[in-house]
């Protein structure tokens, strides 16, 4: 059985872009990879497949939600670097429960036996909400990764995620494999100065520092991974993903049980860090 990774972070922080590029980097290192998008927007795997694929919920609707009539091939698409992609999907905006759909998708994948078919399964999970179905990937994950930027709101959300992972680790095998620092800007944004202090405080570290670079924005608009953008800046943009992929595939990847901070404590600490 391979490793299962769950990627979390504040809404809009860049989880899907980071997940798609990390999945590709893992594949480039020789791993068989399945990425599962767990967001009603169903755009997690867009850079890998180049289009918005049919979601699990759409396939289930077509067969009246009879799981037994769905085949694995009905919900998976092969994308760049032979990365397989699945989108859970969800109800229309303003109705239903996206977390329920994620939970049902996780169950369906278990029925398919996919956890034994890949070297790496990566869940890209909606926002920083880890209740109900959105926490389901943590029940199967070996490792969680948090995507964050060097600002208060992002780090506050990361601390809440550390709380969830800390609690889950008492009942399951999941550990935190570190923080991906996103949109790192050493000129105007302080690099990762605050993020590094936070990581040290909660018993983890920043394991990748993805630069603030226009190539990343343009790759997302183009529906491509950075590995397909053969332009100036590609090397510096893909380097963090390749290094993190190598670390995750190593015999003993870095991983810890986080020691989250209280809400008031993090307010007080970060006021002094800024």
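Placed from the backbone N, Cα and C atoms, the Cβ positions cover glycine too.
Positions annotated as ATP binding site by Swiss-Prot, on the basis of sequence analysis: 12, 13, 14, 15, 16, 17, 41. The Cβ neighbour count for residue 15 (ATP binding site), using a 10 Å radius and every protein chain shown, is 27.
DSSP gives residue 16 (ATP binding site) a helix state. Summarising the annotation, Swiss-Prot assigns Mg(2+) binding site to 16.
Among the features that Swiss-Prot reports, [4Fe-4S] cluster binding site is placed at 97, 131, with the record citing sequence analysis.
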Additional residues surrounding ATP, by Cβ distance to the 12, 13, 14, 15, 16, 17, 41 centre under 8 Å: 9, 11, 18, 147
C-beta crowding around residue 41 (ATP binding site), within 10 angstroms: 15
